[in-house]
Amino acid sequence: MENFTEENLHPWITTTTRVYNNVTIFPQYDDELGKFEIMVLCILCFMALFGNAVVLIVLRIKKTTLTRMQLLIVYLSVTDISVALFHILPTIILKINVYFLGDISACRVYQFITVAELYASSFVLIVTALDRYISICHPLAAHMWTNRRVHMTTALALFLALMCSLPQLDAVLVDFHGGKLCRPNLTTELANIAYSWWAFCSVFFVPLLLLIFFYGRICFVVWQSMRGRECTQSVGSSASRYVRKPIKCRISSQTSSENRVKNYSDARDKDSSRNPRAICRGVSKSKIKTIKLTFSVVACFIICYTPFFTVLMARTYDAELSSAQTPALVILSLLPSLNSCTNPWIYLAFSGKVWCRQQSQNFPRTWTQTTNTYLVELEAKKRTSFGAEHVTFASNSTARKTLNVDDTNTTALMSSSPC
């Protein structure tokens, strides 16, 4: 295997015949670096196919209907498998053959599918973050976010991925040393700069902004929910001060009970007006688990794509860096393919409770209930929210029952009295 000049790993880095100041630049590969790159690509392709296949098999074994999160994991696994089959594998074949063996139609199809798969992977990741955002930040709307809407939203994301890949159809075959190379049709330096910025914004920068917004809001709402629990406990403590007041008179016992409940309700409503999430039961552990899962996937997306696009933009404006091929640059150019390998192992690492369907839904509490409903609610929450305060509620409940019995006995005695 002799030294040769070939196309770089990724179609966006057009270092094969880069135009810089009207001068065509051909980066040189050595044989050892080419062998290393092919070996790493083969390993990445196998890991992506094997890991995502395991995830799909695990979900297929489940006999129950898939939840929204599980359905999105299926879509992510399918897109990662498509990256391995239609992006990594064609790149391996092209690097082994050195030259492109097809015609112009095959060249355009190759340029289109290799980039469309990466668009699809990024956009489906955004849909996953959107699902978590609706589930956590808008729990009432989440009940209308059915599996059918997940299918429709994912289909829209895939359609946008195909639309964003249309510029790749403008590809050409370049004659080089007795063979042909397939590359985008970038005849001027300005076209190359516009092409690089389009790839940077559509695949990395805009998705990154959306992911930061979704997960920023999720973290804020989770923090608010935790703070709301503390507010609920403090309001419960203030309500207990009313409950501890002794019952002085049999006649005013029912009225004082109603006043205590009214004061407790007013305090809770006042706190909920400041913090709407304080009236909720909080974010469940299963939702926290899915947040950690999707956050890990997004973190891997950022780690893998940031160095790659940094090199892409640096090569766009630096002619010397554009023609350089060092092991460090090759490793950085391989990172986008690594993202498809890490996702399935993240899913399996969080498989403890993610695969389990949530049996109950969290509904926000309302405060339009009757006096008896409030007393039952307070009694039901004695083990979690108020702790030892249940003793006070129980004692007052017993006192009310005793007063009612005393009233009944007194009435019976008066009716049976000969006077």
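Including glycine, each Cβ sits where the backbone N, Cα and C put it.
Not measured: the values here are computed from a predicted model.
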I'd like to know whether I104 shares a side of the membrane with L321 - going by the topological domains in Swiss-Prot.
yes
Cysteine of C42, C45, C182, C201 paired with C107 via disulfide, per Swiss-Prot:
C182
Here are some residues: N185, N396. Which is flagged as N-linked glycosylation site in Swiss-Prot?
N185
Which whole-number value in Å describes the distance between the Cα atoms of N185 (N-linked glycosylation site) and C107 (disulfide bond)?
11
Would you say which of the disulfide-bonded residues C107, C182 has the most Cβ atoms within 10 Å of its own Cβ?
C182
Please figure out which one of 38-58, 81-101, 154-174, 293-313, 330-350 racks up the most CB pairs under 8 Å against the transmembrane segment (109-129).
154-174
So, do the transmembrane segment (38-58) and the transmembrane segment (293-313) meet, by the test of 3 or more Cβ pairs under 8 Å (sequence gap 6 or more)?
no
Determine the Cβ neighbour count for N185 (N-linked glycosylation site): the number of other Cβ atoms within 10 Å of its Cβ.
16
Where N185 (N-linked glycosylation site) sits in the secondary structure, as DSSP reduces it to three classes:
coil
